[in-house]
Amino acid sequence: MSLAKQFVVVGAGVVGLTTALELKSRHPSSNVIIIAKELPGDSSPMYASAWAGGNWISCATDNGREEEWDRITYLKFKELTEGHPHCGIEKMTIRSIYDDDIDKVGLLSVGTNRIWYDDLAGGIRFLPHETLPEGAQFGFDVDTFVIDVQRYLPWLQAESLKKDIGIRRVIVDDLGDVKTMFPEVYAIFNCTGLGSYTLGGVKDSNLYPSKGQTFLVQAPPEGVSKMYYRSNLRLGASNSYIFPRGQHGGVILGGCRLNGNWDKTFDTVLGESIKRKCCALAPELGKPEDLKIISENVGFRPNRKGGNRLEMERKYGVVVIHNYGAGGAGYQASWGLAKKAVDLLPTKANL
């Protein structure tokens, strides 16, 4: 059932933009408005979507809702690569290498003891042990998607404008202010990510930053044909990853997950370590000292104790749907989160 209502989405990261598009798709006669302090093209460390690698490689192991969010998004990304080849998403293999046993690195799903996306992605191909780098216990290739976020975020914004979704640059200090700004609003979607830590009316103390630090470097002449990831844990504090941004958009080198760290400065010592590890992992990058650095990047993933908050409440005389706290999974869960958020809208029977 389509609702001819006014909806306001607070936040214009990947989750907010995707939620707005999902809303308009399912309720085409509605008036959807996005309001946000940061928009695609901005570079605040708090605007996490601008700093993502990014790609689809699920870290969900709950055998439940998180895997479902990622499954929905994988299928949507497949659809986008086929129907919108210039959106910033491309099919690409990722090579994942782990330095501990498979049952200790956080890959296997609860209850099944397997990597859940094996079938979804067309099969995981484990690497022969003799081909692994020194210290590695196992590794595999799997076909998935790489995201050039500097293309994909503006594409989401352009698609929103094309569908007559309003976009306004607004600073929201308190979620209740949205009702004052838009007296006719029926539902507010809170997609503010880490902003909900200080947002009045929410102030979620379960949120915390997970600092990430990357380089954007010029691609080598022959390019980088696959993504790489190496760690001793799927969500470890120290890891190495290489994510190309298309053929001509450079290459992202990372990384780290420094939980609870609000420091916006770029750690140069850590940076040198990232360069060394990434060049060892992907020899096609060349020597660390020869890398051509385009930018040094710091961003904060919106992590949350208990996982992403996806729930509906009635507040300020309107429906409020919270959709924030995806951590580093914002892109790879985005369409699943958007679908489930819109599912939370009350039906006609209980409006």
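Residue 1 is the first one shown; counting continues down the chain.
Positions of Cβ are set from backbone N, Cα and C atoms, glycine also.
Per-residue confidence over the domain 'FAD dependent oxidoreductase' (7-344) averages 96 (mean pLDDT, predicted model). The domain 'FAD dependent oxidoreductase' annotation in TrEMBL covers 7-344.
Annotation comment: TrEMBL describes Val172, Thr192 as FAD binding site. Sequence-distant contacts of Val172 (FAD binding site), defined by Cβ-Cβ distance under 8 angstroms and a gap of at least six in the same chain, are Val10, Ile35, Lys37, Val178, Thr192, Leu199.
Taken from TrEMBL, the feature D-dopa binding site applies to Arg301, Gly328. Note on Gly328 (D-dopa binding site): other Cβ atoms within 10 Å of its Cβ, all shown chains, come to 20.
Taking a C-beta cut-off of under 8 angstroms and a sequence separation of 6 or more, Arg301 (D-dopa binding site) has the following same-chain neighbours: Ala48, Leu194, Pro209, Ser210, Lys211, Gly212, Arg257, Gly327, Gly328, Gly330.
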